[in-house]
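Asks: There's a structure below that I have some questions on.
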Amino acid sequence: MMTKNSIEFDPYIERKAFDETKQGVKGLVDAKITEVPRIFHHRQDILTNKKPSASVSDLEIPIIDFASVHADTASREAIVEKVKYAVENWGFFQVINHSIPLNVLEEIKDGVRRFHEEDPEVKKSFFSRDAGNKKFVYNSNFDLYSSSPSVNWRDSFSCYIAPDPPAPEEIPETCRDAMFEYSKHVLSFGGLLFELLSEALGLKSQTLESMDCVKTLLMICHYYPPCPQPDLTLGITKHSDNSFLTLLLQDNIGGLQILHQDSWVDVSPIHGALVVNIGDFLQLITNDKFVSVEHRVLANRQGPRISVASFFSSSMRPNSRVYGPMKELVSEENPPKYRDITIKEYSKIFFEKGLDGTSHLSNIRI
């Protein structure tokens with residue numbers, strides 16, 4: 001039987017009304033709401049398994065110390081083996097002693113917070129859903145109008161840093177210097193990571209870089225306001241990344257979980273560490289040797305939670321480069337598991353479906 005509430009609830013109309021405020025989730029919190037609006041409600045079967053099961057509650061993703069990566073050949077090879085184990089079995093690992101200065105990490109987190117807590121009228125000047133033509137875009141839920149069943153409890157801004165960096169005036173003053181400085185270090189560290197990943201595949205160090213895996217850097221900076229009813233919603237629903245590789249800087253609030261052996265495992269924050277995870281395109285070109293693992297972020301009464309995700313994603317701009325399983329990694333015994341596809345085509349699938357809780361790789365699996 002249709003109830004009065006179910007008749008009155010129109011998800012599209014409510015999403016549009018929320019979007020037109022241009023104030024995001026923070027605007028709701030600033031209005032001192034005590035109940036989470038219906039568009040943010042997730043299905044109960046998704047929300048009932050938030051805590052890791054007893055069998056995995058003591059598990060943690062691999063933590064790899066990079067202090068000796070440049071010391072000598074033996075030290076580098078030992079780190080490559082640890083990276084190989086992590087990306088083949090977990091798809092995630094945390095890096096300590098990665099050489100990015102702590103003050104640079106703290107300043108980018110502070111810059112992200114400053115922007116999101118800026119005067120609403122200033123933020124509105126950067127609000128857009130035209131990510132294709134603007135270097136810097138602020139909004140809430142990039143997939144708000146996709147087929148995703150629920151809206152997530154977060155606001156974000158995104159910025160394409162490479163290969164064509166934005167002009168300084170395109171970046172808000174509150175986070176401008178921090179973004180340029182942090183991204184400079186991320187690009188350098190990303191280059192090292194792709195060298196180690198190439199070596200973990202038994203290939204030459206520059207193999208992945210030669211495939212343009214390091215060419216494009218997209219930064220997405222999330223702000224998760226405190227939630228009055230965290231048991232009804234999620235910060236980000238289950239998904240995998242449509243990138244080659246993602247570097248994540250998170251604050252001390254926590255909430256990130258990865259799906260490991262059909263159970264959710266907490267990724268506990270480590271001060272000064274970076275979280276690294278394999279994206280869909282690296283799983284594709286390695287023919288499932290490296291795994292792109294689904295993950296999510298819980299909503300929390302504490303907050304705001306700040307995170308900075310840096311995606312090495314080739315170019316989402318129109319280009320003709322085709323990606324498929326690498327010839328060096330396929331054989332009669334291990335045939336290609338995916339069809340060839342362009343970044344543009346895969347991104348179209350990703351943005352049309354949004355974060356709907358299913359793997360986008362399934363659309364191109366042979």
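If you go along the chain as it appears here, the first residue is 1 and each next one adds 1.
Every residue, even glycine, has its Cβ placed from backbone N, Cα and C.
Okay, so Swiss-Prot annotates it like this:
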type    : residues               : note
DOMAIN  : 215-314                : domain 'Fe2OG dioxygenase'
BINDING : His239, Asp241, His295 : Fe cation binding site
BINDING : Arg305                 : 2-oxoglutarate binding site
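Where in this structure would I find these features, and how exposed are they?
Replies: In the three-state DSSP classification, His295 (Fe cation binding site) falls within a strand.
Classification of Arg305 (2-oxoglutarate binding site) by DSSP places it within a strand.
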Asks: Counting by DSSP secondary structure, give me helix, strand and coil numbers for the domain 'Fe2OG dioxygenase' (215-314).
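Replies: Secondary-structure composition of the domain 'Fe2OG dioxygenase' (215-314): 9 helix, 46 strand, 45 coil.
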Asks: Using Arg305 (2-oxoglutarate binding site) as the reference point, find which of the binding-site residues His239, Asp241, His295 has the shortest Cα-to-Cα distance to it.
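Replies: That would be His295, the closest of His239, Asp241, His295 to Arg305 (2-oxoglutarate binding site).
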Asks: Including all protein chains displayed, how many Cβ atoms other than that of Arg305 (2-oxoglutarate binding site) lie within 10 Å of its Cβ?
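Replies: Result for Arg305 (2-oxoglutarate binding site): 26 neighbouring Cβ atoms inside 10 Å.
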Asks: Give the number of CB atoms, excluding that of His295 (Fe cation binding site) itself, located within 10 Å of its CB.
Replies: 24
Asks: I'd like the Cβ neighbour count for Asp241 (Fe cation binding site), meaning other Cβ atoms within 10 Å of its Cβ, all protein chains included.
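Replies: For Asp241 (Fe cation binding site), the count of other Cβ atoms within 10 Å is 26.
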